[in-house]
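J.: Have a look at this one before I ask anything.
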Amino acid sequence: MMQETNQSFVAEFILLGFSFNPSTTPLLFSAFLMTYLLIILGNGLITILICLDSHLHTPMYFFIGILSILDVGYTTTTVPQMLAHLASQKKTISFASCVAQMYIFLVLGIMESWLFAIMSIDRYVAICHPLRYKVIMSPWLCGVMVIFCGLWGVISALVYTVFAMRLPYCGSNKINHFFCEVPAVLKLACADTSVNDRVDFILGFTVILVPLSLILVIYVNIFIAILRIRSAQGRLKAFSTCASHITVVTMFCVPAMVMYMKPGSEASLEEDKKLALFYNVISAFLNPIIYSLRNKDIQRAFLKVTGWGRAFQGRTAGEQRSKTHDAPSMP
């Protein structure tokens, strides 16, 4: 819809979403709906387990719980709207809703980027200073670091959003994306976006490249410390602890860095949609799997909270007693 003041401006946008054959819409809707429900279930379950099981009240699981909450919020900002647009012919979003979606998405994404850096610090202290771990990673320090993530996300996202939405949008209102992401929206601006490119690059440096560099430096030190461990089992356990974090960081930060730090003139909207889908939906879907399938603490907590652990132990004990009773006695 176009409205007239001194100059015409866009009052709403049309989200074009993915380019696909209309006959595949039901299949895509079902796939995205199932993925979203599994994201809610997986991340929600991890958060609940961490809250209920006192054995998981440690800095590492505190940060994993925050990550799960961010993943749920991150995907809820975009996926329900995408599902609504797949299910109906109306694919519009108001200007104000577009701004709100852009801002919330950026806040949560920037918080997650810095949270990964904080989680690497936690792993460094746990591996390199195990005896002082609980003293250094105190609840107070963990809370302060999460608050820092939140404040940095709020401020950086505000700068991103203000610089993007201060531009005039007076031409086409069709966004070639499945949600209001900065690079896609800037394509519709009726003004020079070179200043935005510079701002995006500088902010991308502080919210993606700096935490990624910090993670890299920390893990170099962690690997040096791991190689000094004499026990092969100890080295394997330390590497296993770090592997999950490295995998999750790579899935999230690398696509986001490619998306936000390249000049707008070089942006391929179809590639950008695939990248956004990867770090917005796929990473949030895989995070609970990566952190739970190989994590015995999470598995034990699940069995304990559901009561299945007691049932399993009782059945095992019963089988052992039965075997003992049935065994022939020694003459």
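Cβ coordinates come from backbone N, Cα and C, glycine included.
Sharing the feature lines straight out of TrEMBL:
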TRANSMEM  27-52  transmembrane segment
DOMAIN    42-291  domain 'G-protein coupled receptors family 1 profile'
TRANSMEM  59-79  transmembrane segment
TRANSMEM  99-119  transmembrane segment
TRANSMEM  140-163  transmembrane segment
TRANSMEM  201-226  transmembrane segment
TRANSMEM  238-261  transmembrane segment
TRANSMEM  276-293  transmembrane segment
J.: Counting a contact as 3 or more Cβ pairs under 8 Å, with residues at least 6 apart in sequence, do the transmembrane segment (27-52) and the transmembrane segment (201-226) touch?
T.: no
J.: In this predicted model, what is the average pLDDT of the domain 'G-protein coupled receptors family 1 profile' (42-291)?
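T.: The average pLDDT of the model in the domain 'G-protein coupled receptors family 1 profile' (42-291) works out to 86.
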